[in-house]
Amino acid sequence: MRVILGPMEGVLDHLMRDMLTQINDYDFCVTEFVRVVNLLLPDHVFYRLCPELQQGSKTPSGVPVKVQLLGQDPHWMAENAIRAAELGAYGIDLNFGCPAKMVNQSKGGAALLQHPELIYQVVKACRDAVPAHIPVSAKIRLGWEDPEDCFEIVDAVAQAKADELTVHARTKAGGYKASEIKWHYIDQIRQKCSIPLIANGEVWNYADGQACIQTTGVDSLMVCRGALNVPNLGNVVKHNHAAMPWHEVVDLLLRYTQFEVRGDKGKYYPNRIKQWFAYLRHAYPQANELFGELRTLTQVEPIVDQLHRYRDQLHHAAAELPV
């Protein structure tokens, strides 16, 4: 099976990809979306969102990275796909699934699910423009409101000759509600269409991954939010590893401070780590206590100091446990 680290705008940036691919056996990653409007974007935009382009389109640990584009104009999507390919992108992914209101209001992301013909035009333009050896894939939801629309949408992607398709098994209207997941539609898509598929949505552990594979008949899975809830989720899903214990998560939080300070977002670190806690709290009850100690801190150094103190307390408490 394959497990892919999916895109999350504003969350899974190159620093997080670097860290998570060091500790997981991911098959490839997808960047945050590059927003395409009516122009050819300068190189620095691609390098900012995918600095891995300067390393052979791989993370420092060697995991390939696809560049994701989001837009609705076939010509400019194709022009920017060409540019990403020229810069060395491992692959081009096209976002037709983002449910964010601002993106949809500007006719991007999931808004295109209402217009399968436009999806066809965008995918075909990009596939025709990019050299054949570079894969062009797409990411969709089941539809805007009606999951039955997925078949027409998938047909549009397949007819445009995309190399692969990720299906988030909810509609746009379904948001991220667990009750709205509909894996069985991916199985129906698989039976109707020959395009290689990746299943996405509600895979939080090994059992979920196996259930998704069993239901969909697809053995390639993409994880996004869960990869932040449980930092080693890739190995949990792929190899049935135990979830990372809390003390190792704390060590990872300290490693993340080094990534941010060393990287280009040191000034954003206080907000970034608090954002990560919003995910960790779903899997680790201890995260609530630690977040309470950090929430009022606004500078990097006090946060790092508090994390060190907290880690020392954990180690001291563990040392006092009876053998």
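Yeah, the Cβs are placed from backbone N, Cα and C, and that goes for glycine too.
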Among Gln55, Gln68, Gln275, Gln286, Swiss-Prot assigns to the FMN site of Pro7, Met8, Glu9, Lys139, Asn200, Gly201, Glu202, Cys224, Arg225 just Gln68
Counting Cβ atoms within 10 Å of each candidate's own Cβ, which of the recorded positions Arg35, Lys139, Arg272, Lys274, Arg295 comes out highest?
Lys139
Quick one: Cα separation, Glu9 (FMN binding site) versus Tyr176 (site 'Interacts with tRNA'), in Å?
15
Rounded to the nearest Å - Cα separation of Tyr176 (site 'Interacts with tRNA') and Gly201 (FMN binding site)
8
Around Tyr176 (site 'Interacts with tRNA'), how many other C-beta atoms are within 10 angstroms of its C-beta?
13
Residues Pro7, Met8, Glu9, Gln68, Lys139, Asn200, Gly201, Glu202, Cys224, Arg225 [recorded FMN binders]: greatest CA to CA distance in Å
21
With every protein chain in view, how many other Cβ atoms are within 10 Å of the Cβ of Pro7 (FMN binding site)?
26
